[in-house]
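Annotated features in Swiss-Prot:
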- 7-27: transmembrane segment (TRANSMEM)
- 45-65: transmembrane segment (TRANSMEM)
- 89-109: transmembrane segment (TRANSMEM)
- 115-135: transmembrane segment (TRANSMEM)
- 152-171: transmembrane segment (TRANSMEM)
- 189-209: transmembrane segment (TRANSMEM)
- 221-241: transmembrane segment (TRANSMEM)
- 253-273: transmembrane segment (TRANSMEM)
Amino acid sequence: MTDIHQLWIAAILGLVEGLTEFLPVSSTGHMILVGHLLGFEGNKAETFEVVIQLGSILAVVVMFWRRLFGLIGIHFGEVPHEGSGQGRLTLIHILLGMVPAVVIGLLLHDQIKTLFNPVNVMYALVVGGVLLIAAELLKPKRPKSPGVDDITYRQAFMIGCFQCLALWPGFSRSGATISGGMLVGVSRYAASEFSFLLAVPMMIGATGLDLYKSMGFLSMADFPMFAVGFVTAFIVALIAIKSFLHIIKRISFIPFAIYRFIVAAAVYALFVL
């Protein structure tokens, strides 16, 4: 594989990662599909995916840096507030949202690793799509928490319970948390914003652990490829997050669910038939 070819693969996969990581469509499903089509699979590919995920995480940090610093009591200028009441999102909300998935993830780590195969990803894409549709149909007409600062401790914990579904590869962490948020009375926009904020510590922890385990597959010769993938994922994720938050004010998640079914069909056609 030539250097130019590697850089093209890095750019394409960085584009896919940045576009899908925070949308409720499953980045895992897309990376499996595209990686297979490009012939980029194996230990090096898995390590590359871990590295470019850090680019996506950085996009969230840049997008919500003021809010993230506020969670730990560091404020720059006016303190952001998005809600109809006097409540405020705190670090406790984030911790409550993390606990269920962290506990289940640690207890079932080995079993979860066995789920990383195309067939399980295909099923997760379908079930996650059904959950998105259910969230749209069953959500309260008037959400109890229209803004992210209205989210209660109970709602944060319940969203965290839904996040456990994302331990199933292909389910989509954002899809699980946003759907869960809507079902417990959080508005579509606020649930999406909370999902992004919750992603930072969750993904840093998971990605950091995966990167540590993958250090043996890293070499300086791969630096240009990994750098291109990282930067591409960062830029595309930044654009994707801004666009997504703008779009969901106007449309439901049902189109995303339908798209998931299409991706599941593609996985079936490529890996099962």
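Every residue, even glycine, has its Cβ placed from backbone N, Cα and C.
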CB contact flag for the transmembrane segment (189-209) and the transmembrane segment (253-273), at least three pairs under 8 A: no
Sequence-remote partners of the transmembrane segment (221-241) [C-beta within less than 8 Å, at least six residues beyond its ends]: 3, 6-7, 9-11, 13-15, 17-19, 21-23, 44, 48, 51-56, 58-60, 62-63, 196
Same-chain residue ranges lying at least 6 outside the transmembrane segment (152-171) that approach it to Cβ under 8 Å: 26, 28-29, 32, 87, 92-94, 96-101, 104-105, 108, 112, 115-116, 120-125, 127-128, 131, 144-145, 177, 179-181, 183-186, 191, 194-195, 198, 202
Criterion met for the transmembrane segment (7-27) and the transmembrane segment (89-109) (at least three Cβ pairs under 8 Å): no
Stretch with greatest number of CB pairs under 8 Å, the transmembrane segment (253-273) reference, 45-65, 89-109, 115-135 candidates: 115-135
